[in-house]
């Protein structure tokens with residue numbers, strides 16, 4: 001009985017454990033054991049990055065749930081048939097940064113729902129016709145940074161929904177004809193390959209829907225074969241984004257942009273393109289360059305048009321040249337790329353040192369040592385590899401790079417050091433890499449980069465530093481380096497200065513800064529303004545704030561500057577570095593002024609700034625016009641005033657108003673005796689209009705008094721006329737008659753009447769200073785009878801005008817020995833106009 005108990009007890013425990021564990025994989029899969037999972041919008045996101053996975057069978061996913069799967073930076077080397085058969089609900093799969101060198105036929109079977117596939121940063125060399133079988137709904141394919149040299153003609157023929165294809169940074173020299181005939185591409189990236197030409201027939205004619213085409217960093221041969229591409233680019237719609245085609249050869253055009261070259265300069269006699277048809281009706285139009293071609297493992301069929309018997313189209317099959325296979329070090333695999341190059345595959349071979357590869361192969365072109373256990377790279381390890389163009393040391397355990405380890409690699413263009421244990425970078429590590437264009441340092445533990453680290457690489461274009469531990473960068477670290485793509489994401493940056501770091505990236509096309517713990521404070525204002533200056537598509541993703549708490553997960557670009565740093569703009573007393581630079585250096589002052597102007601344009605939208613400047617300009621124009629009108633008006637008034645003054649100067653009567661309200665003072669001046677009359681000037685006729693104080697009623701009283709004192713008046717009048725005859729106002733040749741006296745004027749018929757009227761008007765005439773004058777001088781008048789005084793009425797009318805009209809604050813100049821004479825400049829418009837009218 002005990003024996004049966006001992007036998008059944010383990011079996012019972014095993015059954016219970018299976019029953020308790022069997023439901024878990026069906027519900028959670030690898031989420032509880034191997035991977036990290038989260039659900040978002042009903043879709044599972046399964047993160048299996050850096051888990052050491054080398055077989056897809058290690059992955060199990062929840063059933064009947066759509067999901068995104070990330071297998072970044074694992075140890076996958078090959079994709080076998082039906083490897084993804086258990087992942088039928090996958091929407092996207094990321095296989096980047098592995099060591100995948102081959103994909104078997106049917107590897108993607110069962111992925112009918114897959115929309116995105118990432119196989120970038122692997123070791124693929126060829127894309128076969130059936131590589132992507134089973135991906136009928138694929139829309140996005142990323143295969144950059146591999147070693148792809150060959151793409152077979154029907155590799156993409158089944159991808160009828162593919163819109164985005166990324167093939168940059170491979171070694172593609174040519175594309176087969178009609179490769180995209182049935183592919184509705186809108187975005188195509190072919191940067192960093194070996195392309196020399198792209199013909200219209202068989203290629204350009206099938207990408208008419210393209211919106212974004214990147215063609216930089218290829219070996220374009222600017223000759224007549226490139227004329228079709230130039231014509232096609234010129235006819236593209238303006239909304240399309242087309243990268244620059246920069247000539248690589250011939251030497252006279254190296255570095256020139258194709259779009260700026262004239263057709264006659266690189267193709268004096270345009271060729272006549274003929275279409276050659278094969279029996280299947282396809283056009284053979286794209287061929288690789290004969291000067292730098294790679295030979296595939298298959299035979300190449302060359303089609304020639306016959307010069308005789310045009311009815312026959314013979315096919316000449318030329319076998320590929322059999323090159324002697326050079327020595328290949330064990331345990332590596334070698335492949336001949338061309339008569340002058342060798343590709344050496346040594347990945348995943350447990351190699352600890354390059355000294356194990358002895359003797360070194362002859363004339364190696366590419367050396368792949370990814371996925372080994374190399375700890376140290378010695379200076380002597382690569383001495384015999386001076387012909388290398390690509391060196392892959394990714395996913396090793398390299399901690400030390402001796403100074404000068406790459407000294408002999410003067411031809412090296414691509415260097416992969418990703419996935420190692422490097423902690424510090426310095427200048428000595430990269431000595432000798434004068435031709436290097438691509439440097440991959442991601443997924444290390446780099447904490448410090450010393451100044452001048454990248455100076456030995458004057459041609460460096462692509463730099464990957466993502467997924468490290470960087471917090472700061474030294475000043476001028478990118479100065480003089482023609483970088484076009486920089487990846488700094490997933491580091492420890494809280495802020496990144498623009499001055500002396502980011503503003504040295506003069507050739508920048510793309511930069512990655514996301515997934516850093518950005519502190520959205522005053523230190524990030526400059527970075528925000530710099531981001532606003534970047535062109536569309538330069539930033540691959542948005543920068544999100546981590547601190548302070550109220551700005552967590554806020555997009556930096558969308559924040560206002562005053563929210564990042566309150567009071568920064570409105571605090572003029574805050575000392576800044578530019579304040580001191582302006583005083584000390586004129587050169588830096590100009591840079592500071594441009595910086596201030598650029599800051600202004602960043603803070604204010606350009607459209608608003610232009611509108612404001614336009615308003616200011618219009619305001620200035622109107623102000624200037626107003627000033628001109630005012631000046632002209634003043635000039636006209638001045639001229640008019642001069643004319644009036646001339647008229648006053650020509651008149652014997654001068655009245656001048658006092659400028660003040662006080663009593664006027666009397667000024668005595670000398671006046672020429674008869675200058676006016678010697679110039680034959682006619683004395684004005686002054687009509688005395690009866691004022692209210694001397695009207696008809698007053699005249700009746702005067703007549704009554706005249707009856708009593710008539711005789712005295714006659715004597716007084718004669719005396720006045722006699723003295724007037726000797727007055728300076730009259731010339732010696734003038735004769736007057738009293739009989740010419742007009743009835744319109746009021747005459748003096750009684751001396752007492754004259755004095756009485758003067759006394760009544762004395763208060764009003766005090767400002768004129770005439771009363772005292774009359775009291776002193778009229779008593780001395782001796783009347784004479786029978787004096788002929790023909791102009792006496794003019795003088796009398798003038799006297800009556802001055803005495804009986806309303807006083808105007810007039811300055812009257814008088815002399816002691818003469819009959820009173822008026823010498824004042826007239827400024828009283830109503831009286832003066834009346835005088836002029838009567839004179840006329």
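Every residue gets a Cβ built from N, Cα and C, even glycine.
According to Swiss-Prot, the feature domain 'LRRCT 2' maps to 516-567. With DSSP states grouped into helix (H, G, I), strand (E, B) and coil, the domain 'LRRCT 2' (516-567) comes out at 22 helix, 8 strand, 22 coil.
For 717-736, the entry in Swiss-Prot reads region 'Disordered'.
Here the repeat 'LRR 1' (89-110) is broken down by DSSP into helix, strand and coil counts: 0 helix, 7 strand, 15 coil. Annotation comment: Swiss-Prot describes 89-110 as repeat 'LRR 1'.
Note on the repeat 'LRR 2' (113-134): DSSP counts are 0 helix, 5 strand, 17 coil. Per Swiss-Prot, the feature repeat 'LRR 2' maps to 113-134.
Feature annotation from Swiss-Prot assigns repeat 'LRR 3' to 137-158. Within the chain, the repeat 'LRR 3' (137-158) has long-range Cβ neighbours (under 8 A, six or more residues past its boundaries) at 92, 96, 112-129, 131, 164-173, 175-183, 189, 294, 296, 337, 343, 366, 368, 390, 440.
Residue counts for the repeat 'LRR 4' (161-182) under DSSP (helix as H, G, I; strand as E, B; rest coil) come to 0 helix, 3 strand, 19 coil. The repeat 'LRR 4' feature in Swiss-Prot is assigned to 161-182.
Look at Swiss-Prot and you will find 184-205 tagged as repeat 'LRR 5'. The average pLDDT computed for the repeat 'LRR 5' (184-205) is 93.
Positions annotated as repeat 'LRR 6' by Swiss-Prot: 363-384.
Proximity of distant same-chain residues to the repeat 'LRR 7' (387-408), defined by a Cβ-Cβ separation under 8 Å and at least 6 residues beyond the stretch ends, is recorded for 73, 75, 97, 99, 123, 147, 341, 347, 363-379, 381, 414-423, 426, 428-433, 440. Positions annotated as repeat 'LRR 7' by Swiss-Prot: 387-408.
Within the repeat 'LRR 8' (411-432), the DSSP-based counts of helix, strand and coil residues read 4 helix, 5 strand, 13 coil. If you look up Swiss-Prot, you'll see 411-432 marked as repeat 'LRR 8'.
Counting residues per DSSP class in helix, strand and coil order gives 0 helix, 5 strand, 17 coil for the repeat 'LRR 9' (435-456). Taken from Swiss-Prot, the feature repeat 'LRR 9' covers 435-456.
Positions annotated as repeat 'LRR 10' by Swiss-Prot: 459-480. Assigned with DSSP, the residues of the repeat 'LRR 10' (459-480) fall into helix, strand and coil as follows: 0 helix, 3 strand, 19 coil.
With helix defined as DSSP H, G or I and strand as E or B, the repeat 'LRR 11' (482-503) counts 2 helix, 3 strand, 17 coil. Marked as repeat 'LRR 11' by Swiss-Prot: 482-503.
Per Swiss-Prot, the feature topological domain 'Cytoplasmic' maps to 631-840.
Under the heading transmembrane segment, Swiss-Prot lists 610-630.
Using a Cβ-Cβ cut-off under 8 Å and counting only residues 6 or more beyond its ends in the same chain, the repeat 'LRR 9' (435-456) has close neighbours at 73, 97, 121, 145, 169, 192, 217, 394, 410-427, 429, 462-471, 473-478, 480-481, 487. With a cut-off of 8 Å between Cβ atoms, the residues of this chain six or more beyond the repeat 'LRR 8' (411-432) that come close are 73, 97, 121, 169, 370, 386-399, 401, 403-405, 438-450, 452-457, 464.
Sequence-distant contacts of the repeat 'LRR 11' (482-503) (same chain, six or more residues past either end, CB-CB distance under 8 Å): 216, 442, 458-473, 475-476, 509-519, 521, 523-524, 526-527, 529-530, 541, 546-547.
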